[in-house]
Amino acid sequence: MSAPVAMQEDTEDSLYPIAVLIDELRNEDVQLRLNSIRKLSTIALALGVERTRKELIQFLTDTIYDEDEVLLVLAEQLGNFTPLVGGPDYVHCLLPPLENLANIEETVVRDKAVESLRKIADKHSAAALEEHFIPMILRLAQGDWFTSRTSACGLFSVAYARASPAQKQELRNAFRLLCRDDTPMVRRAATAKLGEFAKVLEPDYLKSDLLEVFENLAKDEQDSVRLLAVEAGIIIVALLKNERELATVKPIIKDLVEDKSWRVRYMAAEKIVEIQEAFGPQISADEIINWYTNLLKDPEGEVRDISATKLQAFCAALPKDQREKGIIEHILPVIKPLSSDANQHVKIALASVVMGLAPLLGEKSTVEHLLPIFLHMLRDETPEVRLNIISSLDKVSDVIGQYELTYSLLPAIVELAEDGKWRVRLAIVEYMPLLAEQLGQKFFEEKLLNLCMTWLTDHVYAIREAATGILKQLTEKFGIEWCQKSIMPKVVALANDTNYLHRMTCLFCFNVLAEVIGKDLIMSDFFPVLKKLAEDPVPNVRFNVAKTLSKIGKALDPNQTRAEVLPILNKFIEDSEFDVRYFAEESKNALGL
């Protein structure tokens, strides 16, 4: 083969990847175009850094028009392209395609382009930043379409610190104009990035330029702008050091907390602990408590709901010397009505955190002020409220001791456990394993075990079924020995009950306990009872013995199954009742006998 022919073939081979890419990117099938874009880095490696810069990037810049999902993948890929174009010295060549993507109408594509631009910003040298990156930000900030101006907002903070003094001035002016933009979407984007920009701004410019901008945004006619100003305000407060500087910001934050739009108040409530921590000792406990209690009393349920979730964190962040007084005198009088709020979401939120106040208040104040709230919420008609209170009992039991727990909270739990409405009883049955965990074995055994066993003979089937289910969970928690000593005698006694439904409950208990107690106990404790119940005069009991044997048989050795289970099943196959014969056959098949 002659040299010119070989060179021509090499050239054709080297052009192949870009040719395939161009073909695939022009294909009508979106999936094919997506796959092609996902392989960009492979294609760039095949082309080498120089051809990637000159051909691939140029091609991508010129042909950016496609389905949003293709552009989204492209925007993400370009953020990882720095080594593929020759490293930091050439990273600026990625700016043109990303700048085009930052102008696209679809928000997710723009956001991904901005994310990639932020990623490659620190790869630029100071000179490249000045020559290429900052001019691009200024172009985007002055674009005719709001899309480019919103994208620009996210780029100021990554470029400002390394800009020259003249360019810093340009960036500050451009950002100020974006904050006053006629389009609400642009003002929203600027407000969302205001705190980020404030962090890189020199303190003097923060006070002279940004405070005025922040005040205007916090008073914007659009509530979607004002609610974003809350987070920016928190960052600005944290950056300002002394009381005099904060004096100008505090009224602005207060206005946001008391805003006419519930969405803004919701955001303030969600961030109330961060507001509290940002101000620190520069705001009095009385003032911040006043802001918070107003949110707890808000006319909108959503605001009360989110405010209630912050109760424990807010109270924990109060100055120690003023905490107890603030909680008892100002916060609890507002919390008490919330425990009966018409909005159940508010009560659910409150129940999940109110117990957390006990460690902050100590034993005496907890008993005096919090216990009445706990007892009231324990009797709430909403199951989630009761569950949240019971789930948090450990926080109280550590503070008030077993005596108060026994004589205050437990009677309320027992009262619910014996409630006339079976659904209320059922809720308490389901909480029992949780209570066992909270109270410990000894205490549970003394105070609540008998209650659990009486549920096994409840007149409502759903209660009996739930009660058998919790026996397994209790055994897993307290161990097999405890089960043998505390549960088995009472379960076995049910086999002698005159009510056939209770004899069946004994079998249901065996079904669940067989999974946790092991074959030795099954042989010693279960089988004598099963043999007796196999002779029961009621067919329902006999066919349930057959069903129980299929579950127990799986926990035994094959030899034990043949020796103990098979004779009983064979006897059932000759039973006079069809159901008994049917379930005996089913059990034999299930055990492979």
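Quick reminder: no glycine exception, Cβ is built from N, Cα and C everywhere.
As the structure is a computational prediction, the values presented were derived from the model and not from experiment.
According to TrEMBL, the repeat 'HEAT' annotation covers 17-55 (among others). For the repeat 'HEAT' (17-55), the predicted model reports an average pLDDT of 74.
Proximity of distant same-chain residues to the repeat 'HEAT' (94-132), defined by a Cβ-Cβ separation under 8 Å and at least 6 residues beyond the stretch ends, is recorded for 57, 60-61, 64, 68, 71-72, 74-76, 78-82, 85, 88, 139-140, 143, 145, 147-148, 150-152, 154-155, 158-159, 162-164, 167. The repeat 'HEAT' annotation in TrEMBL covers 94-132 (among others).
According to TrEMBL, the feature repeat 'HEAT' maps to 171-209 (among others). Outside the repeat 'HEAT' (171-209), and at least 6 residues removed from its termini, the chain residues within Cβ reach (under 8 Å) are 134, 137-138, 141-142, 146, 149-154, 156-157, 159-161, 163, 216-217, 220, 222, 224-225, 228-229, 231-236, 239-240, 245.
Taken from TrEMBL, the feature repeat 'HEAT' covers 210-244 (among others). Here the repeat 'HEAT' (210-244) has Cβ contacts under 8 Å with residues 175-176, 179-180, 184, 187-188, 190-192, 194-199, 201, 203, 252-253, 255-256, 259, 261, 263-264, 266-268, 271, 274-275, 278-279, 282 of the same chain, all six or more residues outside its ends.
According to TrEMBL, the feature repeat 'HEAT' maps to 249-287 (among others). With a threshold of 8 Å between CB atoms, the same-chain residues lying at least 6 positions outside the repeat 'HEAT' (249-287) that come near it are 211, 214-215, 218-219, 223-224, 226-231, 233-238, 240, 243, 294-295, 298-300, 302-303, 306-307, 310, 313-314, 317-319, 322, 326, 330.
Residues 254, 257-258, 262, 265-266, 268-270, 272-273, 275-277, 279, 281, 331, 334-335, 338, 341-343, 345-346, 349-350, 352-354, 356-357, 360-362, 365 of the same chain lie 6 or more positions beyond the ends of the repeat 'HEAT' (288-325) yet place their CB under 8 Å from a CB of it. According to TrEMBL, the feature repeat 'HEAT' maps to 288-325 (among others).
Taken from TrEMBL, the feature repeat 'HEAT' applies to 331-369 (among others). Beyond the repeat 'HEAT' (331-369), the same-chain residues lying 6 or more positions past its ends with a Cβ under 8 Å from any Cβ of the stretch are 289, 292-293, 296-297, 301, 304-306, 308-312, 315-316, 323-324, 376-377, 380, 382, 384-389, 391-393, 395-396, 398-401, 404, 408.
Under the heading repeat 'HEAT', TrEMBL lists 370-406 (among others). In the repeat 'HEAT' (370-406), the DSSP tally of helix, strand and coil residues is 32 helix, 0 strand, 5 coil.
For 409-447 (among others), the entry in TrEMBL reads repeat 'HEAT'. Residues 371, 374-375, 378-379, 383, 386-387, 390-391, 393-394, 396-397, 402, 455, 458, 460, 462-463, 466-467, 470, 473-474, 477-478, 482, 486 of the same chain sit 6 or more residues outside the repeat 'HEAT' (409-447) yet have a Cβ under 8 Å from a Cβ within it.
DSSP places the residues of the repeat 'HEAT' (487-525) in helix, strand and coil in these numbers: 35 helix, 0 strand, 4 coil. Residues or ranges marked as repeat 'HEAT' by TrEMBL: 487-525 (among others).
Within the chain carrying the repeat 'HEAT' (526-564), a Cβ under 8 angstroms from the stretch's Cβ atoms is held by residues 492, 495, 500, 503-504, 506-508, 510-511, 514-515, 518-519, 571-572, 575, 577, 579-580, 582-584, 586-587, 590-591, 593, all 6 or more beyond its ends. The feature repeat 'HEAT' is assigned by TrEMBL to 526-564 (among others).
Here the repeat 'HEAT' (565-593) has long-range neighbours at 530-531, 534, 539-540, 542-547, 549-550, 552-554, 556, meaning same-chain residues at least 6 beyond its ends whose C-beta is under 8 angstroms from one of its own. What TrEMBL records for 565-593 (among others) is repeat 'HEAT'.
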Q: Using a Cβ-Cβ cut-off of under 8 Å, list the residues of the same chain that are 6+ residues beyond the ends of the repeat 'HEAT' (487-525) and lie near it.
A: 453, 456-457, 461, 464-465, 468-469, 471-472, 474-476, 480, 532-533, 536, 538, 540-541, 544-545, 547-548, 551-552, 555-557, 560, 564
Q: Would you mind splitting the repeat 'HEAT' (210-244) into helix, strand and coil residue counts from DSSP?
A: 28 helix, 0 strand, 7 coil
